[in-house]
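Q: The structure under discussion is supplied below as C-alpha cells; questions concerning it will follow.
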Amino acid sequence: MRHLLLLFLCPCAIGVAFHLWLFNFSGLFTWFPVWSQRSYDIVVGVLSARHNHELRNVIRHTWLQHLKQHSSLSQRILVKFIIGSHGCDIPVEDREDPYSCKLLNITNPTFKQEIESFSIPDIAALLTEHHVVNVNFRVLYPVVITRLGVFQHDSAAGFHRNITVKLFQTEHEEALFSARFSPASSGVQVNGIWYKPVEQFILPEGFEGTVVWESHDPEGLLSGNVHRVIVNDGGGIFRITTVKEGLLPYEFTEGVEGIAGGFTYTIHEGEALLNTLETRPERIQIHLAALEKEDALLQEESTTFQDIVFVHVVDTYRNVPSKLLNFYQWTAEFTSFEFLLKTDDDCFIDIENVLEKIAHKQLQKENTWWGNFRLNWAVDRTGKWQELEYLSPAYPAFACGSGYVISQDIVQWLASNSQRLKTYQGEDVSMGIWMSAIGPSRYQDSHWLCEKKCEAGMLSSPQYTPQELLELWQQKERCGNPCACEDR
C-alpha cells in the first residue's frame, strides 16, 4: 500500500517542482507551460515601463483587441508586454541621473564658500616630461567655477612658468574659459596652487568637463597621478572620471591623464540642496510605499490580461537592453514561432500590414532582420545616450527601435549568448553591435518609421501619447488610413 501511495505521490511532487522551476526561470514571473506550446507566425514583444498603464491599455483596446476578435489572427500572433520585475527603489530626485538607479550620494556638503577641487602631497607631485595634462570630471549637483589654477613647487620663489589652463565641456573643441599664467601675470598663490579668476558659469547637474593644463616652456608640467591627488568633492558634488575605470578617452582630449593644478568652485543654490537632503528619508519612505502599490497593480494587471512577461531587471532606461535579452530568453524557452517583432509601448503598429509584407517579401525564416536601418550613426560620449565603452566613432547598422522583425534563429542565438553579450546605452544600438557578430540578412524598409510622423502604409511610428494612439487607430478603423480620413 505504501509503495502504491508513493507511486501516486511522486508524479505530483515532480510536477510541483517542475512548476516552481518554471516560475523562477531566469527571474521570469510569467509561467508558460511547455506542454501547451502553440506555434505562432509572430511573437510581438512590446517594451513597456512599469508605470505606462495607459499606453498598455490603449494597445489592449486597439490593435491587440482587433487581433483577439479575429480568430485567424489570434492563432498566428502572440503579444507580450516586457516589464522589469523591480522598480528603482530610489526616488528620481535622489538619483545621479534619471536614466539609472544610482543614489546621488552627497553628504556634508560645504556651503557659502569657495572649495579647492584638488590638493596634492609633495611626494605625489613630480616634474614630468608631459607638456599637456588633462582630467575629466562629472558634475552631480550644480556648481559655479570661480578660478583655475596650476601647481608649482613650494620651494620656488615666485612663479617662473608659462602655462595655460582651459576648462572644456567634454567633446567640445572650444574652451568655456581659460587662464594664462606667466612670470609677469601669475595670479594668487593659495596652498601651493597659483589661481586666476575666470568668468563665472553655472555648470549644471550632469555636466561633463575636462580641464587641460599646457606648458609653453621647454620643461614639462608638475603633475600628479589622479589616484594620488586628494579630491575635495564638496561631499559628492562632482566626480573624477578616469580611463582606468574602463572609460574611453574622449575624442578631443589632449595630452595624458593627470592633475597639474585645480579649480575652485562654489555650490549653487546650497539651501535647495540642504532641503533636498533633509527631506530625503521621508521621500524615500513615500517612494517605497508607492513601489509596493505599483507591484500590486502590476500583478493584478498581469493576472487580468495574461499578456505581461516580467523580466528580472530593475526597470530603468539604462537596463532596457537587458530587458530585451531577458525577453529573448523567455521567448526561446517557452514559445514556438517563426519571427519576432520588437516594438515599444508608445508606438503605432499596423500588425496586419506587417503580416502582409512578410508574405509579399517572402522573408526567409533564417538569418533575417527586417527594419529601417541607421547607418554610420555617431557614438555620443555625453548626455542621455552617452556611450564610453564602444570603441568606434560610429555604431554598426542598427534598426530603429520603433519596430523591427527578426527570425527565430536570431532570437535563439541571442538567448543562448545572453549571459556573454555586453549591453550598451540603448537597446537599438546594442542590437546592432550584437548582430555585427553574425551578419544577418538585412531587409531595409523605410515604412518602419524612426521619428514621430504619420505616413500611409507605415508599419510603425513612435513617441505617441495614449490619446494620439487611440486617434490613429480610430481613423484606421474608420477609413483604413490612420493619418487622415476624407470627409464625404
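Glycine is treated like the rest: Cβ placed from N, Cα and C.
According to Swiss-Prot, the protein has these features:
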type     : residues : note
TRANSMEM : 3-23     : transmembrane segment
CARBOHYD : ASN24    : N-linked glycosylation site
TOPO_DOM : 24-488   : topological domain 'Lumenal'
CARBOHYD : ASN105   : N-linked glycosylation site
CARBOHYD : ASN162   : N-linked glycosylation site
Q: If you draw a 10 Å sphere on the Cβ of ASN105 (N-linked glycosylation site), how many other Cβ atoms land inside?
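A: Result for ASN105 (N-linked glycosylation site): 11 other Cβ atoms within 10 Å.
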Q: What is the Cβ neighbour count of ASN162 (N-linked glycosylation site) at a 10 Å cut-off, with all protein chains included?
A: 15
Q: Just to verify a number: CA distance, ASN105 (N-linked glycosylation site) to ASN162 (N-linked glycosylation site), in angstrom, no decimals.
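A: Checking the Cα atoms of ASN105 (N-linked glycosylation site) and ASN162 (N-linked glycosylation site) gives a distance of 39 Å.
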Q: May I ask you to report the DSSP-based helix, strand or coil state of ASN105 (N-linked glycosylation site)?
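A: Coil, per DSSP.
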Q: Tell me, roughly as an integer, the mean pLDDT over the topological domain 'Lumenal' (24-488).
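A: Its mean pLDDT is 91.
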